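Asker: Annotations per TrEMBL:
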type   : residues : note
REPEAT : 71-95    : repeat 'WD'
REPEAT : 105-139  : repeat 'WD'
REPEAT : 149-185  : repeat 'WD'
REPEAT : 192-228  : repeat 'WD'
REPEAT : 236-278  : repeat 'WD'
Amino acid sequence: MGTAAAAGALRLPGLHGYAVEFSPYCPGRAACAAAQYYGMAGCGTLAVLEQNEAGVVLLRSFDWNDGLFDVTWSENNENVLVTCSGDGSLQIWDMAKTKGPVQVYKEHTLEAYSVDWSQTRGEQLVVSGSWDQTAKLWDPAVGKSLCTFKGHEGVIYSTIWSPHIPGCFASASGDQTLRIWDVKTPGVKLVIPAHQAEVLSCDWCKYDENLLVTGAVDCSLKGWDLRNIRQPVFVLLGHTYAIRRVKFSPFHATILASCSYDFTVRFWDFSKPNPLLETVEHHTEFTCGLDLSLHNRGQV
């Protein structure tokens, strides 16, 4: 990576960041979902940030009456974002409009903790995951959910679309499993007993449709090949507290990044005998959100 020294910082007083996602359209633009009081009480803010010559600046911000826990950009409109919040609702925001949200979906009965916009062409779908143990499928043009996916026996922390297979998503849960789903069938396709601890995050490899990574409360990252789930492909150790989020690199098939309640961000190359590439200790609190730019190689 080699760019950690060139970090830009922006402080959002009174808010704690839960998720950050780079815009798929505008280099240097990112959205942050934030909450007051560590998400336990108070309101939430969607902050859109931009990096320019002056550093990281606040481009737009929108407030919601409950903490915001995740954010995803639309894949068909550069101004549209979706967030999810502690009141169980999803919000659709349009940066071209002064006020928001333009749409609210409230079907989850507990905290909505994860939201992701489909990555494959030809479909515009959003998946959400909730502490009510369900995942829901949404078409932003339709006023209610298209489908509800049940099967997890614990809180769902993460729902991520496959970048390769249309209509396929993964979910990570407090029930210690990683599950693979197909929107065309109501039941779960695959259940992977991934960790002996709550699984807080998962991601798909951008270069291999069968490879996923999980991060868990046991401080480990594990790679999974969907064709053989008896053993992980790799195990990465080094974090000292629960891993909050993990992302594969968009540029390298074997590089990934993770962030943790141990305040660090770590970069790994699972193909190497010593996989830990770098540990970044810029944060002074729980590090909950993480993303890697599609435009600027090495920008995190």
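Sequential numbering from 1, following the chain as shown.
Each Cβ is built from the backbone N, Cα and C atoms, and glycine gets one as well.
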Asker: List, by number or range, the same-chain residues at least 6 past the repeat 'WD' (105-139) whose CB is under 8 A from its CB atoms?
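Answerer: Hits for the repeat 'WD' (105-139): 69-76, 82-90, 92, 145-150, 152-167, 169, 171, 173, 181, 183.
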Asker: In terms of Cβ proximity under 8 Å, which residues at least six beyond the ends of the repeat 'WD' (149-185) contact it?
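Answerer: For the repeat 'WD' (149-185), the nonlocal Cβ contacts are 113-120, 122-123, 125, 127-131, 133-137, 191-204, 206, 209, 212, 214, 216, 224, 226, 245.
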Asker: Kindly report the helix/strand/coil residue split of the repeat 'WD' (71-95) according to DSSP, in that order.
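Answerer: For that range the per-state counts are 0 helix, 15 strand, 10 coil.
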